[in-house]
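Residues or ranges marked as substrate binding site in Swiss-Prot: Thr5, Arg6, Asn7, Glu8, Gly9, Lys10, Ser68, Phe151, Gly152, Tyr153, Asp154, Lys174, His179, Arg180. Positions annotated as Mg(2+) binding site by Swiss-Prot: Asp67. Feature annotation from Swiss-Prot assigns active site, proton acceptor to Asp67.
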Amino acid sequence: MLIATRNEGKTKEFRAIFDKLGYDVENLNDYPDLPEVAETGMTFEENARLKAETISQLTGKMVLADDSGLKVDVLGGLPGVWSARFAGVGATDRENNAKLLHELAMVFELKDRSAQFHTTLVVASPNKESLVVEADWSGYINFEPKGENGFGYDPLFLVGETGESSAELTLEEKNSQSHRALAVKKLLEVFPSWQSKPSL
């Protein structure tokens, strides 16, 4: 299974899930000659499809791509598909987190800072209709970062009503409940029947 990312944090989460199923997980760092796929889509699904289908065509392999992001209700769903570059192209996690806190500076009640981490997964294979699943993980945006684990907006994302940030969860805890874990769970329910479908 080739994961269409160079992000080792994301790969680690997928590897923890797919290892148990007997899949050997690679990522784009194993294929340095592959071109970068521009994420020009306006939705998570468009971006995930672009990555999965382009890389599958180039390599002839089964490819899993995800497009994930944070949707903050009071910001109309932003940062959304721009989550990784919310503070600008090439922005660090710290810069994106600072920008988000700045955007929410006048939102004083935690209940008004509701948000969802969203994942769309697309599996593409040569000559097959792509498989698409989506999932959300609901919570709130904290007033300051806390926790040392995870990546991205994890230090700001309070999980449900627990008061814990997703950066305070162990990888095992996160993989049992995160948006990515929920999407993978859905994927695993439909993957066997998709895999057994004849090619186009």
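Using N, Cα and C of the backbone, Cβ positions are placed for all residues, glycine too.
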Sparsest Cβ surroundings (other CB atoms within 10 Å) among the binding-site residues Gly9, Gly152: Gly9
Cα separation, Asp67 (Mg(2+) binding site) to Thr5 (substrate binding site) (Å, whole number): 10
All-chain count of other Cβ atoms within 10 Å of Asn7 (substrate binding site): 17
Pairwise Cα distance for Asp67 (Mg(2+) binding site)/Asp154 (substrate binding site) [Å, integer]: 16
Asp67 (Mg(2+) binding site): secondary structure state under DSSP, collapsed to three categories: strand
Mapped DSSP class for Gly9 (substrate binding site), helix or strand or coil: helix
Max CA-CA distance, Å, over listed substrate-binding residues Thr5, Arg6, Asn7, Glu8, Gly9, Lys10, Ser68, Phe151, Gly152, Tyr153, Asp154, Lys174, His179, Arg180: 20
Candidates Thr5, Ser68: member of the binding-site residues with the richest Cβ shell (10 Å): Ser68
Spatial neighbours of His179 (substrate binding site) that are distant in sequence (at least 6 apart) but have CB under 8 A: Ser68, Gln116, Phe117, His118, Thr119, Ala135, Asp136, Trp137
Cβ neighbour count (within 10 Å, all chains shown) around the residue listed as 'Mg(2+) binding site': 26
Cβ neighbour count (within 10 Å, all chains shown) around Asp154 (substrate binding site): 25
